[in-house]
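Participant: Here it is: the structure, laid out below.
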Amino acid sequence: MGDTDLLDNEVKEEKNGLDLMKTNLSKSVDLDEHIECTSIPNVSNDNTTTRLYKRRWVMVFLFSSYSLCNAFQWIQYGIINNIFMKFYNVDSFTIDWISMIYMLTYIPFIWPVSWLLDRKGLRVIALMATAINCLGTWIKVASVRSDLFWVTMLGQFAGSLSQVFILGMPSRLASVWFGSEEVSTACSIGVFGNQLGIAIGFLLPPILVPNVDDIDELAHSISIMFYITAGVATFLFILVIFVFQEKPEIPPTLAQVQARTLPPDEYSYVGSILRLLRNQPFMLLVLTYGLNVGCFYAVSTLLNRMIIEHYPGEEVNAGRIGLTIVIAGMVGSLICGIWLDKTKTYKQTTLAVYLLSFVGMLAYAFTLNLGHLWLVFVTSGALGFFMTGYLPLGFEFAVELTFPECEGTSSGLLNCSAQIFGIIFTISQGKIMDHFGTFAGTIFLCVFLLIGTTITAFIKSDLRRQKANHLAESKATSVGGFT
């Protein structure tokens, strides 16, 4: 009987607490115009609710915009590799390093930046990303002279440093601002901006900087491209200063309610890293993500060389093929994000997309040297749809496997793996192409995609974030049944 009385008292306290919460909510329900959906009571003793704000879409699209601007700069040299070789009088490997500096810079700087993201939050990271990116673009404006290659490399280094503040944000931004039924879609939109920047980087440089012999005319064309980039970067920096917000006043999900209850003093960045390193399913994902995205980085960096070898003088079409890869990937990313939000089949979807990335790379390898450019467009599109579509899948699967660890930390480890493999694959494929041709270089990447597919099949699908949301919702439902 004592246990029954105790249970009755607890139920009465829960009811009283919820009645008080409803009273408080009714008084404050003059919600501003930003609130989009109804609130859901939290089962803790505070009056926390979950809400979605319309301005969450402003945050994710603003992030996507400055991510686009930064990603454009990564590929703007490599896609017209032969033109910059002529202008700066350097070899192709040196121009490859202008792209690879993005990968190299990330590896040592991701650790302090991840710590900063954990401690200072999204707004500080967004401000630093756009400020450094803006600085880098203006440095490049001053580098348009044949003897100033080191200046353009300095500007590219600034851009690569800015990228460190960008790549880990999509999953964190999605978790902080979006509901549990739309986080994967939001993460896909965040990655979408980066992909669109790469797509524009493939498309515009061959158009803005035609392959001419007159160095002065070449300098003028390069200068126009750099000024356009600097203007866009400056505008986005100003926009972030006045528009970008840290987080919504009220969290969007019960999982975020739980994450916010962790006192800052109890959080240890080193401890978080150590826990992630002991998380076997996540570490397998780190390896497979690095293999897949590293292959994408290598293909993107060396695309101009691969196309020009078989189709001389087709710099513009090389850019269009790159555009096809990324546009198809953007469609793949959005479809995969929506699919995950609907089905929550993280491992199954990741494995299927990985396998199809391998098939796409095989098709690309066997059609590149057939002499039919239209066929290369088709196989490139298939490759891009799955390989680039894999990016948000990796981010979201990682968040599920590592919850409640900080999304920036898990994303940082994924991207660090991608940069390491990106450098290894770009250098290795470049050397293989020099000695054995493009087919051998592409088959080299196929081998590692097959390895990645096999390892992905062994990743345990421990969806911790989903479990946390379901547990919190079931508690809220059970308590609500007493009202």
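Glycine too: its Cβ is placed from the backbone N, Cα and C atoms.
Just lifted these from TrEMBL, have a look:
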type     : residues : note
DOMAIN   : 59-464   : domain 'Major facilitator superfamily (MFS) profile'
TRANSMEM : 57-77    : transmembrane segment
TRANSMEM : 97-117   : transmembrane segment
TRANSMEM : 124-142  : transmembrane segment
TRANSMEM : 148-171  : transmembrane segment
TRANSMEM : 183-204  : transmembrane segment
TRANSMEM : 224-244  : transmembrane segment
TRANSMEM : 282-300  : transmembrane segment
TRANSMEM : 320-339  : transmembrane segment
TRANSMEM : 351-367  : transmembrane segment
TRANSMEM : 373-391  : transmembrane segment
TRANSMEM : 412-430  : transmembrane segment
TRANSMEM : 436-459  : transmembrane segment
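I'm curious about the neighbourhood of these features; can you describe it?
Facilitator: Residues 63, 66, 69-70, 73, 113, 116-117, 148, 151-152, 154-159, 161-162, 165-166, 169, 223, 226-227, 229-230, 233-234, 236-237, 240-241, 244 of the same chain, all 6+ positions outside the transmembrane segment (124-142), place their C-beta atoms under 8 angstroms from a C-beta of that stretch.
Sequence-distant contacts of the transmembrane segment (148-171) (same chain, at least 6 residues past either end, Cβ-Cβ under 8 Å): 63, 66-67, 70-71, 73-74, 77, 88, 90, 94, 97-98, 101-102, 104-106, 109-110, 113-114, 117, 122, 125-126, 128-130, 132-133, 135-140, 142, 183, 186-187, 190-191, 194, 392, 395-396, 398-399, 407-412, 415.
Through the fold, the transmembrane segment (183-204) approaches residues 56, 60-61, 63-76, 79, 166-167, 169-171, 173-175, 177, 225, 253, 300, 303, 318-323, 325-327, 329-330, 333-334, 336-338, 340-341, 388, 391-392, 395-396, 399 of its own chain, all at least 6 residues removed from its boundaries and within a Cβ separation under 8 Å.
Beyond the transmembrane segment (224-244), the same-chain residues lying 6 or more positions past its ends with a Cβ under 8 Å from any Cβ of the stretch are 58-59, 62-63, 65-66, 69, 72-73, 76, 122-123, 126-127, 130-131, 133-134, 136-138, 140-141, 143-144, 204-205, 208-209.
Counting same-chain residues at least six beyond the ends of the transmembrane segment (282-300), those with a Cβ under 8 angstroms from any Cβ of the stretch are 75, 78, 99, 103, 198, 276, 306, 322, 325, 354, 357, 361, 383, 387-388, 390-391, 394, 397-398, 401-402, 410, 413-415, 417-422, 424-426, 429, 445, 448-449, 451-452, 455-456, 458-459.
If you look at the transmembrane segment (320-339), the same-chain residues 6 or more away from its ends with a CB under 8 A from one of its CBs are 75, 79, 184-189, 191-192, 195-196, 198-203, 299-300, 303, 307, 345, 349, 353, 376-377, 380-393, 396.
Residues 191, 194-195, 292-293, 295-296, 299, 307, 311, 314, 317, 320-321, 324-333, 335-336, 350, 353-354, 356-357, 359-361, 363-364, 367 of the same chain lie 6 or more positions beyond the ends of the transmembrane segment (373-391) yet place their CB under 8 Å from a CB of it.
Residues of the same chain lying 6 or more positions beyond the ends of the transmembrane segment (412-430) and with a Cβ under 8 Å from any Cβ of it are 92-93, 96, 99-100, 102-104, 106-107, 110-111, 113-114, 167-168, 273, 276, 282, 285-287, 289-291, 293-295, 297-298, 301-302, 305, 394-395, 398, 441-442, 444-445, 448.
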Participant: Look over the recorded stretches 97-117, 351-367, 436-459 and say which has the most C-beta pairs under 8 A to the transmembrane segment (57-77).
Facilitator: 97-117
Participant: Quick check: do the transmembrane segment (351-367) and the transmembrane segment (97-117) share at least 3 Cβ pairs under 8 Å, counting only pairs 6+ apart in sequence?
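Facilitator: Not in contact, no.
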Participant: Which sequence-distant residues neighbour the transmembrane segment (97-117)? Criterion: at least 6 residues beyond either end, Cβ under 8 Å.
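Facilitator: Non-local partners: 74-75, 77-78, 84, 124-125, 128, 152-153, 156-157, 159-161, 163-165, 167-169, 172, 269, 297, 300-301, 406, 408-409, 412, 415-416, 418-420, 422-423, 426-427.
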